[in-house]
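J.: Straight from TrEMBL, here's the annotation block:
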{"type": "SIGNAL", "residues": "B:1-16", "note": "signal peptide"}
{"type": "DOMAIN", "residues": "B:16-111", "note": "domain 'Cytochrome oxidase subunit II transmembrane region profile'"}
{"type": "TRANSMEM", "residues": "B:42-62", "note": "transmembrane segment"}
{"type": "TRANSMEM", "residues": "B:83-105", "note": "transmembrane segment"}
{"type": "DOMAIN", "residues": "B:113-251", "note": "domain 'Cytochrome oxidase subunit II copper A binding'"}
Amino acid sequence: MGGRRVFVGYSVLINFKIRQGKISAIHRLSSFAGSVMAGEIALKTAPADFRFPTTNQTRHCFTRYIEFHRCLAAKGESNECERFAKYYRSLCPGEWVERWNEQRKNGIFPGPL
Amino acid sequence: MIVLEWLFLTIAACDAAEPWQLGFQDAATPMMQGIIDLHHDIFFFLILILVFVLWILVRALWHFHYQKNPIPQRIVHGTTIEILWTIFPSIILMFIAIPSFALLYSMDEVVVDPAITIKAIGHQWYWTYEYSDYNSSDEQSLTFDSYMIPEDDLELGQLRLLEVDNRVVVPAKTHLRIIVTSADVLHSWAVPSLGVKCDAVPGRLNQISILVQREGVYYGQCSEICGTNHAFMPIVVEAVSRKDYGSWVSNQLIPQTGEA
């Protein structure tokens, strides 16, 4: 990892870039293989959504929940809506989902369903 | 291996706090390795500057004598040296800033889709972990609480105030998304070996991406004051092979499908 030389700053920068390159190369290989498997379990989850690029994913979870219910209202119980269901279940804590389901049942859900 | 053990040369990674520990725990993610490397880079310049400043300071104090040498300095002006001692620290700062910004911006890059999402929910005074990728309905299929093992119940060799009854099992060499939140007050999910510290805020979902590069058991502690047992709600992450993770998930899910 370079000796104690004055230009250590540049070697570290290059190292970071190489490390990033290595990491994305490893990912490219696994994503070409399809979904990652761990025994019988498929490792799939909600993908990163570029509408919510920051650390705070509260709106991401809320938006997925609303998208699922709007899809249900528009298309009924279809397989396409199941995708959104998987996403919000992965992202949202169970307590939040239960609370929102209660609110929907009582007609007081604070969202554009 | 046996010979190495006999010669006391086996290598065991430091993934938990050690008594009288001075340095970092061993890194298990690229982020933590980056933090450690940055620390080494900055520390180099820090020692240079420290030695230089101490040398000048001690020298000035040493040569001062109230009768023989009351004014130890003999030079009062010098445009060249004044320019030099402004430019030279700026250059040092630049050499510190370059790896620092490289690390900072590389931490923010979210270039890959995670394979797993795990939710860490802080309570007073324990953590709940939800693995909801395997839910087929709104009912939680894989969720469990993680309480600290009290000192009286520890077995020989276990770590005091760090062990828990149910560990967070994750697959190594896999991109994880951890969502941290709280059900009551502020907590913080911190695991030093993984280079992770993320506040658990009620009503907010904080996302962190980690890639654990080696199998092992990593310990951390709640890092935001949350009441009387704030010191007694640790975090233990156990990174296993992907196959073992798959078996663990299947075993956890079986009772649920059995009931249904």
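Note that Cβ sites are derived from N, Cα and C of the backbone, with glycine treated the same way.
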J.: Is it possible to list how many residues within the domain 'Cytochrome oxidase subunit II transmembrane region profile' (B:16-111) are helical, extended or coil according to DSSP?
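T.: Tallied per class, the domain 'Cytochrome oxidase subunit II transmembrane region profile' (B:16-111) gives 64 helix, 2 strand, 30 coil.
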J.: Reported in the order helix, strand, coil, what are the DSSP residue counts of the domain 'Cytochrome oxidase subunit II copper A binding' (B:113-251)?
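T.: Per-class counts: 22 helix, 61 strand, 56 coil.
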J.: Grab the pLDDT values for the domain 'Cytochrome oxidase subunit II copper A binding' (B:113-251) and give me their mean, rounded.
T.: 94
